Amino acid sequence: MSTRPKSQFDDQKSQWKRSEVLTCIFLLAWRIFNAWNVQTFFQPDEYFQSLEPAWRSAFGSESGAWITWEWKEQLRSSIHPYIFTSLYSSHALIYDLLKFSKHDAAEALIVAPKNLQAVFAAMMDYFTFRLAGNVYERGTLSHWLVLGLSVMSPWQWFCSTRTFSNCLETTLTVVALATWPWAWFMHYESGGLRPLTELKPALRPNLKTGQLTPRLQAIPQEYQANAVDLPKSLSRCVVDIGPGSPTGLKRALTAAAIACILRPTNVVIWAAVSAVSLSMSQDMSKTTRFVTVAMKSGIQVLVVAVGMDWKYFGFFTVPAFKFVYFNIVQSLAVFYGRNRADYYLTEGLPLLLTTFLPLAIVGMWQSLKLDVTRADPGHVLEQRIRFCLAVAVLAAVISLSIVAHKEVRFIYPLLPMLHVLAAKPLVGACSALSLRKRTTVMSMLAAIIISLNMAIAIYVSLVHQRGVLDVMHYLRHQHESENPHMSSWWQMSALDTINITTIGFFMPCHSTPWRSHLVYPSIHAWALTCEPPIHIPLSERDQYLDEADQFYADPESWIILHMNEVEEISVDKHRSALTVGDSFLNDGGRRPWPHYLVFFEQLEPTLRDVLQGSAYRESWRGFNTHWHDDWRRQGDVVVWELYA
């Protein structure tokens, strides 16, 4: 049987496939290493909008998970928590089958979400690389530089492996952008690209059979005789024509639809991308086809999402609509902070981009100016994609700036696009130098940027706000040491044989993780809450104080009003069962004193005065921050324990 001799095309294809496989392996290993070395706290939503509802869904209402008001009001889609529900359920089953010790099972349950999120983070890096391959020539310095920017980004290191819905939203957004059929939308006569209707059949190697087969391609006439010699600058312009939609459009729109279900504000990005793509297409048949596929994909995703929410909440609801109603119409988001209109420009983007900010600014400026002086198809396609990405970034920043409550993670989905745009000016600046100078300059820049980024990444992931996580490990290990004969992390039977550990957190609400780190249902804890004024008229909200605000307004008075008398504290009291959501008040409407009190160092003088002469003694103190913008969270994390 005769075999076709390998061509240069085959060798290049094989080499590139190997390169991509090695890149994927590296990215996965890098992000797993990244996930294991993020040991600091960022924002509560990392736990309370994903892991806590997932824990309750996996292990039931008696598991001690803290369900916040957003879930009680159905503001969040259950898609994200269900991912971790499956993870928790499967891992718990495996640990029971393999007879893991209670300690090992608890540690593994804490690490499992990190590992899964590391996979999503690696996907984000890889599809950013894929997106860059659609924009720039594959394998060029610009292409690889985008991957370097993503891998060495301090923000990516700090945030990408955290279990925020924003992280999954960003991954889905860049997956959709990388599979978006750019060439299909943007091939028309202007700028040297021909309408697809004028193209003639050309020969192209079939990778399965090894034979040359006719395919319609959007390539210049001079290359249609022998597609094997197609230069790399035109390889991104190849578009297959067939009945139905282009390859990738349905996948892109499906990923985009899921991202919009997770975070409704993601709609702004896709409105901009779709509008620019269709305006550059100027083809009504493509517009019709796009609308058809978009409606089908959107309806399919919506039906699945509604079904999952129905199962999770027990009745029909559409969280995206409620999210908009509560946060925009009722302005409840303002309860958690109001920011300046220029926040994203002066704080958000600098935090997101850090050392790459100047490159991104220049890249945005260059991309918004379409260069019509060069007519080769590869350059025109690059220009149009960069323009589309820049418009999407601009539209998202402007739209989100209108909303009063702003957070840097709300613009996280823009980061992959900004990395793609930032690569161009850096390569352009270096290309003006001689080869020798270029090598020297690139090496110096790389050393400086990598050093700065590593310093930032190490500090924010291993130092800043680590105490609020360390204290949860301490409390969990204390509970294990008090129950050496507990056979399983989930043991709930024969509670009289288990020493119940009770904990009270005198901290601003959601200052620590919860059940995802406490793990054991036999650890009963309470903390100060911060429920928003859901049913209070807008005119009366300025006077509203949540429980945490009331406490910090006058801690001593709050303790006198809401805790048992100090004289009644005894070492037997800590065995009473207290769980979030259960009644933890005795007949006098007061909380009993717990086994452990947890608070920030800032509160220590007040508690020393109030609890002077009691049986509480310091048992643990851990560094948390060198500084904090919230005065209530300043200093170390301190634990006091009741001693006999």
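Positions of Cβ are set from backbone N, Cα and C atoms, glycine also.
Sequence annotations record features per position, and here TrEMBL assigns transmembrane segment to 314-336 (among others).
The transmembrane segment feature in TrEMBL is assigned to 343-364 (among others). Among residues of the same chain six or more beyond the transmembrane segment (343-364), those with a C-beta under 8 A of the stretch's C-beta atoms are 149, 153-155, 386, 390, 393-394, 397, 400-401, 406-408, 410-412, 414-415, 418-419, 421-426, 449, 452-453, 456.
Annotation comment: TrEMBL describes 384-403 (among others) as transmembrane segment.
Per TrEMBL, the feature transmembrane segment maps to 441-462 (among others). Sequence-remote contacts of a segment are chain residues at least 6 beyond its ends whose Cβ falls under 8 Å from one of its Cβ atoms, and for the transmembrane segment (441-462) they are 37-40, 152-154, 157-158, 354-356, 426, 430, 433.
Long-range contacts of the transmembrane segment (384-403) within the same chain, counting only residues at least 6 positions beyond its ends with a Cβ under 8 Å from a Cβ of the stretch, are 134-135, 177, 182, 186, 191, 265, 268-269, 271-273, 276-277, 280, 327-328, 333, 341-345, 349, 363-364, 366-368, 370, 410-411, 413-414, 417-418, 420-421, 424.
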